[in-house]
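Taking it in order: structure first as structure tokens, then the write-up.
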Amino acid sequence: MPDPIISIQGLDAHYGDFQALYGVDLAVEPGQVVAVIGANGAGKTTLMRSISGLLKNKADAIRWQGRPIGALRADQIAALGIALVPEGRLLFPSLSVEENLIIGGQLGRKGPWNLARIYQLFPILQERRNVPATALSGGQQQMVAIGRALMSNPELLMMDEISLGLAPVVIKSIYEALPDIVGEGLSAIVVEQDIAKALSVSSHVVCLQEGRVSLTGGSGELSRDEISKAYFGV
Amino acid sequence: MDWINAIIQGALLGGLYAMFAAGLSLIFGVMRLVNIAHGDLIVLSAYVALTTSVGLGLNPLLALVIVVPVMAGFGYALQRLVLNRTMGDDLLPPLLVTFGLSIIIQNALLMGYSADPQKLQAGPIETASVNLGPITLGVMPVMVFAIAVAVIAGLQWMFYRTALGRAFRATSDRQDIAQLMGLNRAHVFGLAMALSLAVTAIAGVFLGIRTSFDPAAGASRLIFGFEAVIIGGLGNLWGTLWGGIILGVAQTLGAKINPGYQILAGHIVFLLILAVRPRGLFPRMDG
Ligand SMILES: Nc1ncnc2c1ncn2[C@@H]1O[C@H](COP(=O)(O)OP(=O)(O)OP(=O)(O)O)[C@@H](O)[C@H]1O
Ligand SMILES: [Mg+2]
């Protein structure tokens with residue numbers, strides 16, 4: 001087995017007195033897509049926020065290519081090549097579509113992604129590049145959010161429920177872009193509530209339930225029963 | 001003709017008020033910090049200019065070359081070492097800390113310079129004027145106004161056309177997501193305060209050339225700055241210039257009626273505008 005690009009061991013997370021994650025383990029190998037699934041409130045977004053440095057962790061709970069990074073600030077994590085497409089998109093309303101993309105690339109990391117490539121992937125964004133980002137439709141905003149994350153040329157791309165609140169055809173078109181994206185050799189963590197979708201894009205699944213890992217395994221190897229038990233806890 | 005003259009003088013004075021306001025507006029816009037010490041920082045800048053111009057035998061206008069970077073550096077350090085520790089979801093702690101800072105600055109100035117009024121001596125340019133028909137314009141007020149327009153235009157350009165401005169707007173929109181873009185919030189805030197105090201330094205030097213000042217002179221400058229920001233509409237830099245002009249005109253017209261009415265007239269116009277247009281005359285259009 002190759003060394004994981006990121007490995008998480010015994011990760012806890014708290015909001016004040018409330019503990020949201022309990023000893024979560026997760027590893028992603030280079031080029032691998034790992035799906036994180038779980039019901040509402042299971043802790044998926046909390047896990048993303050912890051990895052990206054928005055929540056403080058113990059330094060050695062998260063290792064990046066072997067190096068402890070759990071205590072770094074969010075901007076330092078981003079500089080390593082870890083990008084998040086946050087739940088709810090969270091674009092910058094004062095910035096145009098193009099400015100949202102440019103600021104995603106402001107770290108100046110080298111790699112295949114630049115404005116032209118993003119516009120090739122999502123041509124509609126080029127047409128609308130000068131409008132305020134939040135004037136776009138939900139699906140188009142999601143494309144900006146994905147483009148913004150790609151602009152940093154990440155080695156690990158994390159996507160938190162990119163299909164949330166979008167029409168099925170839009171979800172389909174966004175997921176159709178996914179092979180192009182991970183085809184560039186980056187690794188990804190995909191958070192989804194839609195189990196079928198999650199299994200179809202990933203090689204490995206981690207299921208969270210009330211802040212704990214309730215199941216892990218190869219995406220093709222787990223049975224429906226195992227998954228729904230781990231998912232709903234029944 | 002007297003009245004027209006008063007309006008023109010007031011409008012020119014408004015340029016100075018717009019510079020008081022621009023620094024205040026900038027840091028509120030970027031980090032939602034209400035800087036109660038802003039007026040005292042303007043006065044502090046005037047004292048820094050006094051010391052450099054007297055100490056080095058420089059004209060205070062040339063002293064700007066020193067005062068602006070000194071105040072900008074002070075602003076960066078102040079933000080990183082003190083104010084950033086108080087920043088969070090709650091607006092109150094930074095407000096209280098800047099209130100404390102205001103008192104500290106006033107007392108430090110009192111100890112260092114005594115309560116005697118001081119003035120910056122810029123030489124013959126202070127009294128130079130040009131005649132345009134029946135109207136006489138002072139060279140200094142025209143220059144201050146032109147610099148204020150240039151400062152506002154420069155800030156506008158910086159905000160909407162540069163990477164730094166993009167970082168400011170993104171941080172203002174969503175601090176946490178801006179960090180995911182690799183922006184160190186503490187540094188961005190430091191830069192915003194540095195820029196704010198650079199503008200403040202310019203304002204302080206021209207204040208000190210225009211009128212005498214003493215360690216307690218900051219409070220009313222803070223109020224004028226606030227009023228210009230609110231009249232113009234929060235987050236709109238050109239609106240802030242208009243806010244300054246309206247305040248300046250109100251004050252000089254008030255003084256024309258009765259010298260005692262100068263400040264009062266400004267406050268009354270401010271309250272009237274606030275009553276009619278609570279979001280100011282030019283609320284921000286974008287976003
Ligand atoms: N800012 C917060 N303050 C306090 N508790 C929070 C906060 N954010 C999330 N929680 C709690 O932490 C737990 C995990 O929430 P999280 O958002 O990580 O779940 P999730 O798996 O992403 O859910 P969803 O599928 O609805 O997005 C929930 O019980 C939630 O109520
Ligand atoms: Mg979530």
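Using N, Cα and C of the backbone, Cβ positions are placed for all residues, glycine too.
Keep in mind the model is a prediction, meaning the values are calculated, not measured.
Annotated features in TrEMBL:
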| type | residues | note |
| --- | --- | --- |
| TRANSMEM | B:6-29 | transmembrane segment |
| TRANSMEM | B:64-83 | transmembrane segment |
| TRANSMEM | B:95-115 | transmembrane segment |
| TRANSMEM | B:135-159 | transmembrane segment |
| TRANSMEM | B:188-209 | transmembrane segment |
| TRANSMEM | B:229-249 | transmembrane segment |
| TRANSMEM | B:261-278 | transmembrane segment |
Quick check for me: are there 3+ Cβ pairs below 8 Å between the transmembrane segment (B:6-29) and the transmembrane segment (B:135-159), leaving out pairs under 6 residues apart?
yes
Winner by Cβ pairs under 8 Å against the transmembrane segment (B:64-83), considering only B:95-115, B:188-209, B:229-249:
B:188-209
When you check the transmembrane segment (B:135-159) against the transmembrane segment (B:188-209), do you get at least 3 Cβ pairs under 8 Å, counting only pairs 6 or more apart in sequence?
yes
Same chain, outside the transmembrane segment (B:229-249) by at least 6, Cβ under 8 Å from its Cβ: which residues?
6-7, 9-22, 24-25, 28-29, 148-149, 152, 155-156, 159, 266, 269-270, 273-274, 279-285
